[in-house]
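> As listed in Swiss-Prot for this protein:
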BINDING   ASP213, ALA214, GLY215, LYS216, SER217, THR218, ASN349, LYS350, MET351, ASP352, SER391, GLY392, LEU393  GTP binding site
COMPBIAS  1-10  compositional bias 'Low complexity'
DOMAIN    201-425  domain 'tr-type G'
REGION    1-44  region 'Disordered'
REGION    71-124  region 'Disordered'
REGION    146-191  region 'Disordered'
REGION    210-217  region 'G1'
REGION    266-270  region 'G2'
REGION    287-290  region 'G3'
REGION    349-352  region 'G4'
Amino acid sequence: MDSGSSSSDSAPDCWDQVDMEAPGSAPSGDGVSSAVAEAQREPLSSAFSRQLNVNAKPFVPNVHAAEFVPSFLRGPSQPPTLPAGSGSNDETCTGAGYPQGKRMGRGAPVEPSREEPLVSLEGSNSAVTMELSEPVVENGEVEMALEESWEHSKEVSEAEPGGGSSGDSGPPEESGQEMMEEKEEIRKSKSVIVPSGAPKKEHVNVVFIGHVDAGKSTIGGQIMFLTGMVDKRTLEKYEREAKEKNRETWYLSWALDTNQEERDKGKTVEVGRAYFETERKHFTILDAPGHKSFVPNMIGGASQADLAVLVISARKGEFETGFEKGGQTREHAMLAKTAGVKHLIVLINKMDDPTVNWSIERYEECKEKLVPFLKKVGFSPKKDIHFMPCSGLTGANVKEQSDFCPWYTGLPFIPYLDNLPNFNRSIDGPIRLPIVDKYKDMGTVVLGKLESGSIFKGQQLVMMPNKHNVEVLGILSDDTETDFVAPGENLKIRLKGIEEEEILPGFILCDPSNLCHSGRTFDVQIVIIEHKSIICPGYNAVLHIHTCIEEVEITALISLVDKKSGEKSKTRPRFVKQDQVCIARLRTAGTICLETFKDFPQMGRFTLRDEGKTIAIGKVLKLVPEKD
């Protein structure tokens, strides 16, 4: 008893000190500071000195206790740690939210059975050491398997993970904490460093497009849940919050609409990003805004996409509003084609709505109206387009075949994505990474999708059009650290040699030996989609090309092109009007990066917009050198 009391003077201040103690010794005072131990020593010794073995019996219940108790009150339950309550505090930290003792302690490597210390309590000091060591080793953070710890963090309602200092926290806080733990788990799994030689799944960017309120974000959230990227408790939390705001049917979309303004109004503004995986592929969801005010944001999302999902609402009245003139269904489909999207999946959503009730007649009606328009835009109905019915809210036909539509015999949405043929990308091509965004974080970080070539850590690159030499310090592919990346991956690259202020969206990272072209004047072929009046030389618009947005002027009209024969007119036209195709010369306000459509299609297609409308789409034919 005396030796135990005297040893309490050297109570460690942190768990690292406990780690360094000799395994065989009976440690004391590892949970409270030496000052507190000094104050408590006398009352403890007088209260418990001759009653150790009697009070040792409740040891097992105390290990499983789910509430915090001050260390000096728990002393009787753990005799060997009397004077300063060392063992009791160890159990206190563990007991707060870990009924099986899953917490702190990294002590002696002894591994007796749970019953053994109870039998030998009345014995000598060796029994004391065994009793103390048993929970320490079983629960030691060093020995504990990662899977085991996460399994228990999900099963057991935890108090505070940091140290168990508030065991009396109420259920709402506990559930919120658990959700944070769940999210943390997902993040941790993504921060693993992938070796450069590891086989990678093909990366595919999927952009969800369509009229406002068609259900794009809801389907995205449903996919996240069905593929395990968002856990059930997080969704239940979103559902509770959505009900409080009288937005019950919006809760799934909150998995992608993280911005408070987006949640309050139910409108996506930015392009939401999320990831999910199937057996063969790694997908990034780009949830584009459907509202006409945010079409420029949608173009930015579509320019990074390999595959577009056009979401249509089958609800009576909603389909007509979205598809008729003024709706965004038409414009989005056209912009997706212009942005270079090859495959289009048309999801006829809200089939569970009472006005539809999984009616094959309504499904076919929507399909019949859409096909002629999509054909006109440039999609081939047989090769490029696939229609399927679904319900984003209930998840029917998203991952598994639905009983509600026995008339649909094709694959559900997620299996269909997994079975798509591979996208042929050139790993040996020139490095082209259009910049989408940039920010400061221990250096300059740029975001973008690698269109061509491959990048490795430590590589020397050039930022065009300013010709800045930069070095790659680190690479994150969808938030996973890696040393090497291939085309199609969404990257965050930390650069050395350039300031964040010197970069603009639309700049391109290139190989020093193969720079991309840049300039201000170029010849193009354009199709006038929608414009009430005629367009003459001197007309100004906004150019969207890859991730770049720039003011542009039509300086000259060179010739008209016959839509059927492709023949060019011999005389220069004085103007062009809606539905005509022409060759024109454009000049931008500033220098931009671009390539001809023939050499590099992703950087040779563009859209012209004016007064909130897409007025023309086109492709770059020739770059005109600047006159000195």
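Backbone N, Cα and C atoms are what each Cβ position is placed from, and that goes for glycine too.
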> Would you count the other C-beta atoms found within 10 angstroms of the C-beta of ASP213 (GTP binding site) for me?
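Neighbour count, Cβ to Cβ under the 10 Å cut-off: 19.
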> Taking the Cβ of GLY215 (GTP binding site) as the centre, how many other Cβ atoms fall within a 10 Å radius?
29
> Let me know the largest Cα to Cα distance in Å among the GTP-binding residues ASP213, ALA214, GLY215, LYS216, SER217, THR218, ASN349, LYS350, MET351, ASP352, SER391, GLY392, LEU393, as an integer.
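About 17 Å separates the two most distant Cα atoms.
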> In the structure shown, which of the binding-site residues MET351, LEU393 has the fewest other Cβ atoms within 10 Å?
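Comparing Cβ neighbours within 10 Å for the binding-site residues MET351, LEU393, LEU393 has the fewest.
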> Around SER217 (GTP binding site), how many other C-beta atoms are within 10 angstroms of its C-beta?
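SER217 (GTP binding site) is surrounded by 30 other Cβ atoms within 10 Å.
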> Within its own chain, what residues at least 6 apart in sequence put their Cβ under 8 Å from the Cβ of SER391 (GTP binding site), listed in sequence order?
ASN349, LYS350, MET351, ASP352, ASN397, VAL398, SER402, PHE404
> Tally of helix, strand and coil residues over the region 'G1' (210-217) according to DSSP?
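Grouping H, G, I as helix and E, B as strand yields 2 helix, 0 strand, 6 coil.
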> How many neighbouring Cβ atoms, not counting its own, are there within 10 Å of the Cβ of ASN349 (GTP binding site)?
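Summing over all protein chains shown, ASN349 (GTP binding site) has 28 other Cβ atoms within 10 Å.
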